[in-house]
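Listed in TrEMBL for this protein:
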- 66-150: domain 'GHMP kinase N-terminal' (DOMAIN)
- LYS91, PRO92, GLY93, SER94, GLY95, LEU96, GLY97, SER98, SER99, ALA100, ALA101: ATP binding site (BINDING)
- 210-286: domain 'GHMP kinase C-terminal' (DOMAIN)
Amino acid sequence: MDYGKKVTASCPATVANLVCGFDILGMALNDPQDEIEMTLSDVPGIRISHTDGYALPSDPAQNVAGAALLDLMKEVQEPVGFDISITKHIKPGSGLGSSAASSAGAVVAANHLLGNRFSSKDLVRFAMAGEKVASGVKHADNITPCIMGGVTLIRSIFPLDIVQLSAPPLFVTVVHPQIEVRTSDARQILRKEVLLKDAIRQWGNIAGLVSGFLQKDYDLIGRSLEDVIIEPVRSMLIPGFDEVKSRSKEAGALGGGISGSGPSIFMLSRESETAIAIEVIMKEVFQSIGIDYKTYVTTLNTTGVKVKSEY
Ligand SMILES: Nc1ncnc2c1ncn2[C@@H]1O[C@H](COP(=O)(O)OP(=O)(O)OP(=O)(O)O)[C@@H](O)[C@H]1O
Ligand SMILES: N[C@@H](CCO)C(=O)O
């Protein structure tokens, strides 16, 4: 055991759902990313500190990074402890996978310190304990792309069945209105039943989107970015949503929608010029309604959590 060894990890933001794939599809982004510094200790326990100003809990059972590590530690026989310092650039409650970045980053960093004894699938399983703390439900559509990179499909959670999808190059424009929507709240307002005609349309879109990624067919991706089940309910929580979406599509976006449970909105483009034009539209919309915002123009992250250095 390498007690005293320290690693740093960068943990990408993620867009869950990808419009039509509620709880099953997600992609990782190159910007923003959190940072985690972790040291392996011979003093049992998990000690968490934050260098950011979000006042997140340091109790391991309440912090998603700690909850994920507690699950991992159940499968480690040797006495170990972890000292963790988290610097968040992904604001909690943003819809950009803030909680997933911490739970995924923590288990990837710990696995590195423990000699990479666990598989990526094991790490997703541990990190889901963090999502349970954040949203009350074990969902893997943020943590899986965060750990593995790229675009991922969760065919099943119990038992865990993950499919990594290839995808063509994509530009992603994101606007994060500075209001907080908690995933737990955004889940509670959803209807529990779905009309068959809506289900048929939705699974056509999911199949089309997956095929579009695999065949690198941008038009098919664009046509399939439609959500007739979740978006009509959740978009009411996001001022400016309809205008951002319609104007972005007029400007050439393939399509887009709510990122995760919101309030962030994301749009996919084939060309960087289109992605930049969409950022201008997003800024105009949120300036005109007087809500503070942050924007990102970025690309698909293909590596997932990266353990950057050790010393
Ligand atoms: N290390 C952590 N990082 C982020 N959130 C944390 C952390 N530890 C605990 N939390 C809690 O998790 C909640 C934020 O998670 P939530 O899922 O609501 O937001 P999100 O991850 O930005 O959104 P989404 O999952 O839709 O992308 C907050 O209640 C926050 O206090
Ligand atoms: N699939 C989840 C993602 C939340 O991050 C939801 O939309 O509630």
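Using the three backbone atoms N, Cα and C, a Cβ is placed for every residue, glycine included.
SER99 (ATP binding site) carries a helical DSSP state (H, G or I). Other residues of the same chain near the ATP site, with their Cβ within 8 Å of the Cβ centroid of LYS91, PRO92, GLY93, SER94, GLY95, LEU96, GLY97, SER98, SER99, ALA100, ALA101, are ALA13, ILE90, ASN142, GLY260. Mean model confidence of the domain 'GHMP kinase N-terminal' (66-150) amounts to 96 (pLDDT, 0 to 100 scale).
GLY93 (ATP binding site) counts 23 other C-beta atoms within 10 Å of its own C-beta, drawing on all protein chains shown. The Cβ of LYS91 (ATP binding site) lies under 8 Å from the Cβ of TYR54, SER98, HIS176, GLN178, GLU180, each of which sits 6+ residues away along the same chain. Here GLY97 (ATP binding site) comes close to PRO12, ALA13, THR14, VAL15, ALA16, GLY26, ILE90, ASN142, ILE143, CYS146, GLY260: these same-chain residues lie at least six apart in sequence, with C-beta atoms under 8 angstroms from its C-beta. Secondary structure at LYS91 (ATP binding site), as computed by DSSP, is coil.
Applying DSSP to the domain 'GHMP kinase C-terminal' (210-286) sorts its residues as follows: 45 helix, 9 strand, 23 coil.
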